[in-house]
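These come from TrEMBL:
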- E148, L149, T150, R178, Q192, D196, R336, Y340, Y341: L-histidine binding site (BINDING)
- 78-399: domain 'Aminoacyl-transfer RNA synthetases class-II family profile' (DOMAIN)
Amino acid sequence: MLSAVSSSLVIFHKPFTRALRLPLPKLPLTPNPRPLSLLSPAASSLTPNATGGGRLGALSPAPATDDLQKIDVNPPKGTRDFPPEDMRLRNWLFYNFREVSRLFGFEEVDFPVLETEALFIRKAGEEIRDQLYCFEDRGNRRVALRPELTPSLARLVIQKGKSLSLPLKWFAVGQCWRYERMTRGRRREHYQWNMDIIGVPEVTAEAELISSIVTFFKRLGITASDVGFKVSSRKVLQEVLRRYSIPESLFGKVCIIIDKIEKIPVDDIKNELKSAGVSEEAIEQLLQILSIKSLTKLEEVLGDAQEAVADLKQLFSLADKFGYSEWIQFDASIVRGLAYYTGIVFEGFDRGGKLRAICGGGRYDRLLSTFGGDDIPACGFGFGDAVIVELLKEKGLLPELSLQVENIVCALDPGLKEAAATVATILRGKGQSVDLVLENKPLKWVFKRAARINANRLILVGESEWQRGMIVFRMVMVARSRRRMRPSVSS
């Protein structure tokens, strides 16, 4: 039972000996609810005959017109709505993104979704250039919806300049847009989790980033038998191109072509490389090296002195110390499709082979100079929200996330709605969630509502109890199942 004593509300339940005393103002009981027009002058403006402007006036019916047309109620192709059940999943996923970032000591940042188009246009023939949502605004400026977060990060670092204290450990969770062909786990808008380390030239930075992703996977119940990381270095390609006197200006373009190696036939790869100006001999040598899956074999080809081999050996040594050596493997064909990568690159993949890359990243030591800033060693990764959800579905790891409200408060008499509102306000002031029944509903409906929102307690405000300074307090025990929930009530 709930008992009102003097000007306090005492909440207790029979099995408990301690009571919670909450302040309760005295309210006059009215036998009938007051008309809306008596509440305030503003409220009366909601009546059909009300006139005047302002926000309340917008509630009036729209004037009749012959030009009304039905709209397509679906979101634009490649985009999503987030009704409550999907929003709960998104919030859960983002919470894990942020919690892992916090565990690794990273600070959150964000950037405008709308950026200057030039920020994303580079001269290396990247796919991303053709996938921009870009337009000219009313000030005749070329702008674009961001397709990724890293260039915005670089812009902010340049803007802050010497006021920043290195190293930086920043993360972001933001929406990105790309007009691309849609497949499973690939949409035209998605949310992306980025973690970046600015100012650390050592391979320890890449090792830390991969460790953070492994930590995230483990939190979700994903194991090394489900997911792995393919690791390589852009310096491997640089060495091959150097040996065959391929101009450094072609490096970015060659990387973008090689990134398609699992997407298009090898003959098409050869033709594109030849068109880019790579000799047939260099192409054959390049493809031979890209087929290497062993770091030992790569060392035999390039030699131990090569910087790429040294970096990769250090990364695998660190992986052992971090405790995720079973998650990573060497694969020389991994180069990533963005032109700005300069060193180690990595890609998370589904070992079942059913999904596209789950995440990817690497070192980009020379990105800032492409925007006019001073180069600072940096590395980072991007992790989209769409593919991971598909993986969780595939593995049966999606959590059941139902609405959870601590209290549901209902007035048993229309004249007690103000009293019910007072009880709800007191509980909310104590940090408890409350679903206040706003309409006149039968108890059967209230019980069903309590079950649907997984309420822990049902508080009923009845006239006879309220006049005696009491309200009924019942624990609601909900029998949960996947498809149906039944309420049972005990006093």
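Just so you know, glycine gets a Cβ as well, placed from its N, Cα and C.
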Max pairwise CA distance, angstrom, over record-listed L-histidine binders E148, L149, T150, R178, Q192, D196, R336, Y340, Y341:
21
Close in space, distant in sequence - Y341 (L-histidine binding site), Cβ under 8 Å, 6 or more apart:
R234, C255, V335, G362, R363, Y364
What are the sequence-distant neighbours of Q192 (L-histidine binding site), meaning same chain, six or more residues apart, C-beta distance under 8 angstroms?
E148, L149, A172, V173, G174, Q175, C176, G382, F383, G384, D385
Including all protein chains shown, what's the count of other C-beta atoms within 10 A of the C-beta of R336 (L-histidine binding site)?
21
How many neighbouring Cβ atoms, not counting its own, are there within 10 Å of the Cβ of T150 (L-histidine binding site)?
22
